[in-house]
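> Here's the feature list from TrEMBL:
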ACT_SITE  C289  active site, nucleophile
ACT_SITE  H761  active site, proton acceptor
BINDING   C155, C158, C175, H188  Zn(2+) binding site
DOMAIN    131-239  domain 'UBP-type'
DOMAIN    280-799  domain 'USP'
DOMAIN    587-628  domain 'UBA'
DOMAIN    662-702  domain 'UBA'
Amino acid sequence: DSEGGLYLCMNTFLGFGREHLERHYRKTGHCVYLHLKRHVIEKVPGASGGALPKRRNAKLFLDLETNGDLSSDDFEYEDEAKLVIFPDHYEISLPNIEELPALVTIACDALLSAKSPYRKQVPDSWEEELQASKHAKTLVQLDNGVRIPPSGWKCSKCDLRENLWLNLTDGSVLCGKWFFDGSGGNGHAMEHYKETGYPLAVKLGTITPDGADVYSFDEEEPVLDPHIAKHLAHFGIDMLQMPVTENGLRDNDIKPRVSEWEVIQEAGVKLKPMYGPGYTGMKNLGNSCYLNAVMQAIFSIPEFQRAYVGNLPRIFDYSPLDPTQDFNTQMAKLGHGLLSGQYSKPPMKSELIEQVMKEEHKPQHNGISPRMFKALISKGHTEFSSNRQQDAQEFFLHLINLVERNPVGSENPSDVFRFLVEERTQCCQSRKVRYTERVDYIMQLPVAMEAATNKEELIAYELKRREAEAARRPPPELVRAKIPFSACLQAFSEPNNVEDFWSSALQAKSAGVKTSRFASFPEYLVVQIKKFTFGLDWIPKKLDVSVDMPDFLDISHLRARGLQPGEEELPDIAPPIVIPDDPKALDIDESAVMQLAEMGFPLEACRKAVYYTGNLGAEVAFNWIVAHMEEPDFAEPLVIPAFGEVASSGDAVFRADGLDNQPSEEIVAIIISMGFQRNLAIQALKATNNNLERALEWIFSHPELEEESDPALDVMNAENNANANILAETGSEGPRIKDGSGRYELFGFISHMGTSTMSGHYVCHLKKEGRWVIYNDLRVCASERPPKDLGYIYFYHRIPS
């Protein structure tokens, strides 16, 4: 509310505009509100050349939800605060010691002096510039032959595999300190420093081409190590042997990567800005371009528009007391910001003329800043809650998971992406087969490098590059591998070897092959080109290739056929589960973990699957994932049970019916006593990990489920998972799918620039109203040369039959 300011409820500390204030009062009965109003004093030139104040109201959330910049020297602020008492709207100006009780005065003062929650999202470490360690230049490294592998680390003094630190003097890998919330480690890295005096350590998992997290035990703070490349190379980690330039690129990458950045962002071409509904930009919050690109693509899909923006009044009316923690409220708010056109308005003619006359250009206050949305969806997620760059594909799957867990009405918009994959596994020795189905949301296409059509050019380029490197000359102009899309599709459809395949026909491990086909075709097909891989030298490599992605795609020939005449099925016998007497003695097969992680599953879930299936291979672990992926702690870190707890923990883990998440009868009875049905109570508790307070909020935020509740429902149906609304429309069990033809048309793609998913930049191209548009954070322009061959994730919609 640009005129009314912000009303802060003194009971819940939630903020409201004037138009929602009455509804909140009627809904909660809370009657005391702190009214905050900010006036911006704009300085205008005076007669003497100084500045005269010109007062005007500031738009609420201008610096929060839009890209307004009121922090320049051209503006000053004047804040006004009042206490408003309902129902009579009685106002008391602040401060007012005489008229208010001391407790109320203290509470108001604390709120007015509190730090903005938006600024709290940025860690203090980002606000303070790190200093170079005094030990970096003179650090002595022991020549003890230690070499650090690219994965599979664990503390040398315990079995922890998280929060590990590499001591830069002797190469010891040790766990970090224990934190009050139970996370962290056992403090062995600190103990090692106290014993040896070796001062510097780098956190494993943070090493990127841009640097790493370094801590000085002696200086007791995070530090910079200007010689980190040399120090890491001493232990065989040579990914930083090339100096890093200001834009995060290695010297020998400058020319190729600048070219990629120019092509994808269409640099050097005058692009026409686009304004209006559906052409709203999003502010980059610091390496959040992956989020911006994915959300632009998501809200270009009609089903998501209807589910959130179309239902916005109902979602807002039934939002919980704390809407900042409600996924559907934040999705509706973001969708409205992108599609309403309120934050994408062309400059007025008078403003343009003024800019031309003054020969200056002031950026328009267009676009939205998704701070609250990012804070919510990244809550509790180690990677997405950080300010580091992330993989857009991983974020897409994370978003879909949240959509599944937070149903909005009877329609689940993520249904449009869901499809069934039929996997045919054959034992090479017995020739028997097994057919299984799994749900997926992305078609991952391998890059068929061997099928490049310009091999001679690539060989010549590589020779010139090596010669230039040896002679210290600038590298030659980049030659990018040209890969036919048909070759990638062929590689997808070919059989793959199954490592550590356990044959139920032989009751032993054997060689096996697997082929994948579509048991159903989704309404919207998401295709990922698997450009990223890891080398043994720790370098997260990106395959710099050009793939001729088609505008029209037909994958009908990949339709699954099921068991064929003459094929004999493998016996339905589960492999023996072997868990050692001491569970901590079991090493996890990291190769199987990586196989599962490449399918898009969370890393911690993959580790748990491999551990609890006794290292019997990726296929057996995959079956565990399918049986447990709906559990609330599915992606939580693996907690290895203590000695003597194996039987009970193991039994709970292998139960696929979800009873390990069964809420207690006592907590169910509390909710039932409030007038809710038993099945709704169980559903709410399962959706909130058996938290009573959150379960009640969940029920209030899903009134449509309360209305649909039937006390006569069977108890087993009532105890299904919280995503019961995704069952097939026919009433049969299983995920709801929207099968149809396998013919598609391209309508969008997300491109990545940089050497790895941990660095670089994402942009999105979407086809709207018959033309391509580029969404580059806040910049939204008509695209002149959409680089469809350099994309990373492609979005296709089905062509009606």
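The backbone N, Cα and C atoms fix where each Cβ goes, and this holds for glycine too.
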> Report, as a single number, how many Cβ atoms besides its own are within 10 Å of the Cβ of H188 (Zn(2+) binding site).
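Result for H188 (Zn(2+) binding site): 21 other Cβ atoms within 10 Å.
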> Distance check, please: Cα of H188 (Zn(2+) binding site) against Cα of C289 (active site, nucleophile), rounded to an integer number of angstrom.
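Cα of H188 (Zn(2+) binding site) to Cα of C289 (active site, nucleophile) measures 37 Å after rounding.
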> Near H761 (active site, proton acceptor), which of the recorded positions C155, C175, C289 can be found within 10 Å, Cα to Cα?
C289
> Using the alpha carbons only, what distance in Å do you get between C289 (active site, nucleophile) and C175 (Zn(2+) binding site) once rounded?
32
> Which entry in the list of binding-site residues, C155, C158, has its Cβ near the fewest other Cβ atoms, using 10 Å as the limit?
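If we count Cβ atoms within 10 Å for the binding-site residues C155, C158, the smallest count is at C158.
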> Give me the sequence-ordered set of same-chain residues, not including C155, C158, C175, H188, with a C-beta within 8 angstroms of the centroid of the Zn(2+) site's C-beta atoms.
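The answer, listed by sequence position, is K154, S156, K157, D159, L160, L164, L174, G185, N186, G187, A189.
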> Within 10 Å of the Cβ of C175 (Zn(2+) binding site), how many other Cβ atoms can be counted across all chains shown?
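Step by step: centre on the Cβ of C175 (Zn(2+) binding site), count other Cβ atoms within 10 Å, giving 25.
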> Applying a 10 Å Cβ distance cut-off over all chains shown, what neighbour count does the residue listed as 'active site, proton acceptor' have?
21
> Return the count of C-beta atoms lying within 10 angstroms of the C-beta of C289 (active site, nucleophile), excluding that atom itself.
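If we count other Cβ atoms within 10 Å of C289 (active site, nucleophile), we arrive at 25.
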